[in-house]
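Colleague: What Swiss-Prot records for 56, 57, 106, 134, 137, 266, 267 is carbamoyl phosphate binding site. The feature L-aspartate binding site is assigned by Swiss-Prot to 85, 167, 227.
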């Protein structure tokens, strides 16, 4: 059960929680598609603290809370807040706890969300911590796979791009290890998946690593593409050496299964060409759309009766 619990890692959400969230997300989606909202969390307040830029994640969290009947307080720019005066993360979290019922935090430092949960007396949701994890993105990614393909089990899932710094990849691989799937990892050598992520996966025999996407594209059921995380590189020459390593275009998609899907956590740069957007395999905008009902489900399970 998730009631009154923080979610800072996908490991904080077990398989029963996931299945429950999928079912509840279906209900929340129906509410949205009918043009409605609820008053399930009337008089409850969410505090959003985003120390890094965000569009989809921030908007979907705030939209989710409003659709649940709650309200949102936020720091629009941490550079103009007390953080700019030297206030510690611990003190900021203590103050946010006193003003709200739940805290959503995005921070550039890996482990910041876990630290925040130690100082908060209210539940904390990790909206991304550096190159660590992004658990709510993973929940909506799993929901997208299930809803768009019918099931998660039995699929071959190919992840391509920045596997080293891509926090959505880290969380998703850990979560997928609970399902009966095969995983292909495609990246340049310097952007391979970190060993610490692999150590969290029990059976590695279902995971294969490649540097050539064309070798696995025809057997792929779900192609999960990520941008190269420019902001995580300390050496820009290293970044320049890998930019544009992979590109999904119409020709590549023509080799995919007709019922395969393409996902991307967004924003994209040049790793998926605009010409792919209208193809039936493209589901990344639908994936982003599911962010609101999935986050509604999670917030309600944490704060609701």
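In case you wondered, yes, glycine gets a Cβ from its N, Cα and C as well.
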Colleague: Would you mind ranking the binding-site residues 56, 134, 167, 227 by how many other Cβ atoms sit within 10 Å of each Cβ and giving me the lowest?
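Modeller: Least crowded of the binding-site residues 56, 134, 167, 227, by Cβ count within 10 Å, is 56.
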Colleague: Over all shown protein chains, what is the count of other CB atoms within 10 A of the CB belonging to residue 106 (carbamoyl phosphate binding site)?
Modeller: 23
Colleague: Would you mind reading off the Cα separation of residue 137 (carbamoyl phosphate binding site) from residue 167 (L-aspartate binding site), to the nearest angstrom?
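Modeller: The separation of the Cα atoms works out to 9 Å.
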Colleague: In Å, rounded, how far does the Cα of residue 106 (carbamoyl phosphate binding site) sit from the Cα of residue 167 (L-aspartate binding site)?
Modeller: 12
Colleague: Around residue 267 (carbamoyl phosphate binding site), which residues of its chain at least 6 apart sit with Cβ under 8 Å of its Cβ?
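Modeller: Listed in sequence order: 55, 56, 227.
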Colleague: Using only the Cα atoms of 56, 57, 106, 134, 137, 266, 267, which the record gives as binding carbamoyl phosphate, return the largest interatomic distance in Å, rounded to a whole number.
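Modeller: Output for carbamoyl phosphate binders 56, 57, 106, 134, 137, 266, 267: max Cα distance 16 Å.
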Colleague: Cβ within 8 Å of the carbamoyl phosphate site's Cβ centroid: which residues qualify beyond 56, 57, 106, 134, 137, 266, 267?
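Modeller: The answer, listed by sequence position, is 54, 55, 127, 128, 168, 265.
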Colleague: Note down the number of other Cβ atoms within 10 Å of the Cβ of residue 137 (carbamoyl phosphate binding site), including every protein chain shown.
Modeller: 27
Colleague: So which of the binding-site residues is most packed in, judged by how many other Cβ atoms lie within 10 Å of its Cβ, out of 57, 266?
Modeller: 57
